Amino acid sequence: MPNAAPPQYCPTPRELDDVELLAIGALAPTVAFGEADSPVTLTLPPDVADAAAAAGAVELVDPEGLPLARVGVPDGEVTPLTHAQYGPFRRLYLSPARVRERYAGRTVVPVVDALTDEQIDDIGATGPVLLLALVGHGTPELPATGLIRATLAAAALMPDAAVVAVPLASHDDAETDHALGLQVVANYAGPDPIRAVAARVAATMVEEGAPPPDTTVVEEGAPPPDTTVVEEGALAPVSKPTYPPAIQAIVDQERPDPVDQGLVLFFTGLSGSGKSTLARALMDRILEQGARTVTSLDGDVVRRHLSAGLTFSKADRETNIRRIGWVAAEISRHGGLAVCSPIAPFDETRQQVRTMVEDAGGAFFLVHVATPLEECERRDRKGLYAKARRGEIPEFTGISSPYEDPEDADVRVDTTGRSIEDALDDVIDALAEAGYLDLRDDEGGFEAQAPGRLRTSTTDPVVEVRGAPATSLETTDPGNTVVEEGAAPPDATVVEEGALAPVSKPPHPDDPLGVLFVCTANICRSPYMELAARGLAGTDGAVVFSGAGTHGSAGGAFDAEMAGIYRQAGGSDGHTFSSRPLTTDLLRDADLVLTAESSHRQFILDDHPALFRKVFTLGQFAEVVRNGDADLAGRELIAYAAEHRGPADPELDVPDPYRRGPEAARTCAQQLDELLRVVVPALTGAGRIDG
Ligand SMILES: Nc1ncnc2c1ncn2[C@@H]1O[C@H](COP(=O)(O)OS(=O)(=O)O)[C@@H](OP(=O)(O)O)[C@H]1O
Ligand SMILES: Nc1ncnc2c1ncn2[C@@H]1O[C@H](COP(=O)(O)OP(=O)(O)O)[C@@H](O)[C@H]1O
């Protein structure tokens, strides 16, 4: 004897539609889920099925948790609890009984697509009609609401037409849908005539699983005496439908050209395969073109925000990817463009994201960055593969956790031995061929610039790249990746400060220049840089030096080894030094951020890509100064460096001496001294030829 409370379960959208159809008697004689040979089924996950079997029922709820119906287990009988009350055009969703009461005597016309001029004329001439919009989840081109709006607009153009909506969703099989369509329409029509619309729509109906043309209705039983029999072929298939202006406007609005459709560009591949690099480069191109907004959902960045706290277990990876998919789908729902670049190792989860996006009306474009494991491991830019091989990172993709190659990728790119631009071209070509985005003739495309030859911005042509409005999770901005990878930015490209930079402050030319040195813990390298720079700048108050650590904690002392070297060289400060973590405020307030390693720079840019023009590695900035124009100083120099920097090559990094002994500390201090002797006088202006 069941006694437990029935479990609650939110079924699939198709099952939710079916439960409504069963509850209102639209599928009669089918009245329950799981009747013999019926496609109307309900699949419960095993744990829910067990609990439902114990309770003798399951309570179906809508996505917001509103209980809609109780379904007996195992008999599948449906007892309505509440009727769905919300949703656009709810008032038009009537039961067959209510329709019989209200609209008896009308010719029933199933509608599964926007009606054309010809169809409207034809149906309108029939006399009083009931347009039965079999909406389900819409057609591939029109969402459910669009189909209802188009049907209402058509009704308004007929002498006497009423509209009723029916939540008949496709069961993914044309024959099944055909049979269900007949069943539903017959229930609504009762003894009244049924009239199918033209062949063009009939063809769509078969594709979409809605009921077939009238010929099949005749098969279903003798039509009542007043049935209008439409001669098959009386309305020839319409190759180019024309719509009345009111419907055309709806169709245009609801069926955006692929170029205006919401789009999710999803890069998948192993760590180090080049997902982030290609994604960033692509976003740069999109922003330069300026036609669209773009939101980045990069794997690493998402894991610091949206998915903070998740592990790399299979379950957590799936959760991570579904979260990315959910956000991306919402972005695409509103016509936006999301660029995602997680590993996403599991095919099933990628498919789920595809479905989420497509259900939201967006297009899903899968890029498989198919760089082989050997190459990713050779690059090992984060040192993670080495750690994984040593067993220090469990469940590492490609080493101790699987990566399932996609079979549904829209384009596959192996970046081995190729330049980023070259690899990117494959993606750009595929996107253009698919009709979503044409970035091929982008005038803002990068031109390779001869390395080492620097020019001043005053003599160069200026291209303003304001960028399309970009949204966060991560906003991005042109230039960033290109520079990292060594390709030069376009000649004297000027990006408007602040247009895309959520944490930039407006320039105050009279303020002292704030230079922030960044390393990991703010106890070895950045304090040394800060103090040594102060020593080099002397009494020049025009530049203020400070420091912070990407993983710094507050209150740490200056490392003894580094402090010893600093004092040996005559340094007298640092006794009261106290470490601090890097914050958004510190970044915002700094005019220039100089990091010890490229990984620190990347850490900052991952969260604040728009700051790319003021965040450099110390070595990278020193290179610009060495190769640049000795006349420039201060903010001018920083602006110049933003336009003319080379890659943040790890070769230029100053490695961490922490706990590596006195020799490592000496080497580190020496390296920092050399770089600071180039950078500090240039910033203060002491290095000017005339100064
Ligand atoms: N165990 C393990 N396996 C794989 N990757 C690991 C792991 N631990 C940390 N990392 C770092 O996390 C980045 C991948 O995160 P993702 O969110 O993209 O992974 S997943 O899609 O959820 O599988 C990945 O970054 P990318 O190199 O950008 O891919 C790694 O830097
Ligand atoms: N053709 C190429 N396309 C993309 N990345 C490349 C290419 N050639 C070399 N690389 C390098 O490979 C690394 C890829 O790293 P990243 O883009 O962070 O990968 P992922 O996001 O997949 O972990 C970068 O250091 C990049 O410079």
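Start at 1 and count along the chain as shown; that gives each residue its number.
Each residue, glycine too, has its Cβ placed from N, Cα and C.
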For this session: Would you mind telling me which of 449-468, 469-488, 569-588, 649-668 TrEMBL tags as region 'Disordered'?
Result: 469-488
Exercise. Hey, for the ATP site built from GLY269, LEU270, SER271, GLY272, SER273, GLY274, LYS275, SER276, who else sits with CB inside 8 A of the CB center?
Worked result: PHE267, THR277, SER341, ILE343, VAL369, THR371, CYS376
Exercise. What is the one among the binding-site residues GLY269, GLY272, GLY274 whose Cβ has the most other Cβ atoms less than or equal to 10 Å away?
Worked result: GLY269
Exercise. Hey, of the binding-site residues listed (SER271, SER273, SER276), which one tops the CB count within 10 A?
Worked result: SER273
Exercise. If you count Cβ atoms within 10 Å of each one, which of the binding-site residues LEU270, LYS275 comes out on top?
Worked result: LYS275
Seminar exercise, completed: Result for ligand 1 contact check over binding-site residues SER271, SER273, SER276 with Cβ cutoff under 6 A is SER271, SER276
Seminar exercise, completed: Over the domain 'Phosphotyrosine protein phosphatase I' (513-682) the mean pLDDT stands at 90
